[in-house]
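The compositional bias 'Low complexity' annotation in TrEMBL covers 28-44. As annotated by TrEMBL, domain 'STAS' applies to 567-672. What TrEMBL records for 28-52 is region 'Disordered'. The feature transmembrane segment is assigned by TrEMBL to 157-179, 199-219, 225-244, 282-299, 306-326, 362-385, 397-417, 423-447, 454-475, 495-526.
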Amino acid sequence: MKERDLESFDSLSHQVLPNTSNSTQMIQMAMANSGSSAAAQAGQDQPDRSKWLLDCPEPPSPWHELKSYVKGSILTKAKKFKSLQEQPFPKRILSILQAVFPIFGWCRNYKLTMFKNDLMAGLTLASLCIPQSIGYATLAKLDPQFGLYTSVVPPLIYALMGTSREIAIGPVAVVSLLISSMLQKLIDPEIDPVGYKKLVLTTTFFAGIFQASFGLFRLGFLVDFLSHAAIVGFMGGAAIVIGLQQLKGLLGISNFTTNTDIVSVLRAVWRSCQQQWSPHTFILGCSFLSFILITRFIGKKNKKLFWLPATAPLIAVVVSTLMVFLTKADEHGVKTVKHIKGGLNPISIHDLDFNTPHLGQIAKIGLIIAIIALTEAIAVGRSFAGIKGYRLDGNKEMMAIGFSNVIGSFTSCYAATGSFSRTAVNFAAGCETAMSNIVMAVTVFVALECLTRLLYYTPIAILASIILSALPGLIDINEAIHIWKVDKFDFLALVGAFFGVLFASVEVGLLVAVVISFAKIILISVRPGIETLRRMPGTDIFADTNQYPMTVKTPGVLVFRVKSALLCFANASSIEERIMGCVNEEEEEENIKSHAKRKILFVVLDMSNLINIDTSGITALVELHNNLTQAGVELVIVNPKWEVIHKLNQARFISKIGGKVYMTIEEAIDACFGLKV
């Protein structure tokens, strides 16, 4: 519609229209005064343009889409297979190996200078990994050597199959907490350590199977059920729970609660402090915790000293072990690690227990661990891949971590994943490829063979301080503030996960986060908003009146757009009621302003957001059309998508509204007023 048409209609909006026929007459007069010939020509042209919508071919059925997808996948694989067959046999074998084991791709261009960087990074990584792995094993209620085992085999498998150059694989705090908090409800590790170990290994096997399946069948979307906000809240709550659990080692307490909620832990600490605790242990642990935190602060201030916070835990272990040995502090109440079994990872296939009565619960716990571990690993890998400027293959990552855990469960390892703190150290140390993981694994193996006897006098308080020093990185306060500013509903999921973990259990925290996230999706689907659109001044663009208050009203016309991709049984009635409510409210408002009855002639429904519609949605549109017709208002449809216009045609809805379907809002208004003239 021309600008002069708009001015004529604006002048018309200040006139009193006593009834519908008079309203039509006045609009006709305005159209005549502003160039009715152009509007009439538009009324003649628009039906031809509407045929583009009405005469479009029939969209493919779901069965046809599925068949096309399967056919396309098969053809793509057939082409790859054909091109593979055309290659010489050696290249064919190499191509297959590169597809399964990416190491055969990057090792062809591997240089000595790259190995020097990877060697430095791997040794730095091992110095942090050895004390952390021992600490995380105790957090998982396992013997210390199991943490070292987990830092040998899984990193080697990942180096063969993974696509990330920086990620450091091994035991992590959150997964260790998940294992101990959920499995100790089935078997008490202090009463039956052998049975508990079998549960851990079986759970690791199931976690690996789930992870590899996600990658093999491209089911990575399952990991997205845990939103970013839920993960931030869960990690923060888990970090506090882990920290409270370490008070047992830091205070030298013998009897401690097996519960993980904050109330039970604080109650146990209070009772133990009133009875028996070791001041020597507490002073020793706090001293080295302060040392590790100070070195971390120095490392952040001076990036060239990145090696200082990375080696600080190992220095703390060595110095504290010497102190206990020389002063014989173990005879004065300082608890030590004592015996750590050395040597290569023992084979543990026979320890996988599939005849246990807890098999269903083990599989459920394995699924939870698989999702949490993948979420953390892929998030870490993608963040550093983005910095380096290369793409991470999510499906290959899932398969690599999955096979790392499956093979790890055969070699006395518990669930491993990518560690953010160790990956950051690996990146800062200048790693070039996954060779740094291999160097780290070899170094840990050497430690298992030669150095485990030297750890006999390592105080448990030092392991607790090492775990505590790693926890601040799990609590992301800045990200929580950012989520609060951006999306309050996401922040609610964050808070639910945080307090669920803190005051109930890890499972409850995850469940609360998932429920809140799904509730958000359902609420948006069931109660979608509608936008009232008006013309932007001096343009043919129609925009939301709330977002753009300067928009100009077109007399006799209301334009709505549904803020949903689907008009279905869940939201159809609500949308229909809202549109009718807006129409009635607009007429009442005009009546009050003009002190006489004003009339809405057209309701234009912009369907550009709608991707699909079901029978309930069509029924709601029919009811809306009937209600508007009874009120003397005509319904006009604008820009329906392919699936939508096809279903509306099949339901004969288009004929019910007189074929008033147009490409744009501007065309709809021009055509409707042209037809009135």
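Including glycine, each Cβ sits where the backbone N, Cα and C put it.
Spatially, the transmembrane segment (397-417) is not adjacent to the transmembrane segment (225-244); fewer than three Cβ-Cβ distances between them are under 8 Å for residues at least 6 apart in sequence. Ranked by the number of CB pairs under 8 Å to the transmembrane segment (157-179), the listed stretches 225-244, 282-299, 306-326, 454-475 are led by 225-244. Beyond its flanks by at least six residues, the transmembrane segment (454-475) meets 131-132, 134-136, 138-139, 144, 173-174, 235-236, 238-240, 242-243, 246-250, 252, 281-282, 284-286, 288-289, 292-293, 296, 313, 316-317, 320-321, 324-325, 329-330, 334-340, 420-421 of its own chain at Cβ-Cβ distances under 8 Å. Across all of the domain 'STAS' (567-672), the predicted model scores a mean pLDDT of 89.
In terms of C-beta pairs under 8 Å, the stretch of 225-244, 282-299, 362-385, 495-526 lying closest in packing to the transmembrane segment (423-447) is 362-385.
Within the same chain, the transmembrane segment (495-526) packs against the transmembrane segment (225-244): three or more Cβ pairs sit under 8 Å, each pair at least 6 residues apart. Beyond the ends of the transmembrane segment (282-299), by six or more residues, the same chain brings 249-252, 305-306, 308-310, 312-313, 316, 319-320, 323, 329, 334, 459, 461-462, 464-466, 468-469 to within a C-beta distance below 8 angstroms of the stretch. For the domain 'STAS' (567-672), the DSSP counts in helix, strand and coil order read 60 helix, 15 strand, 31 coil.
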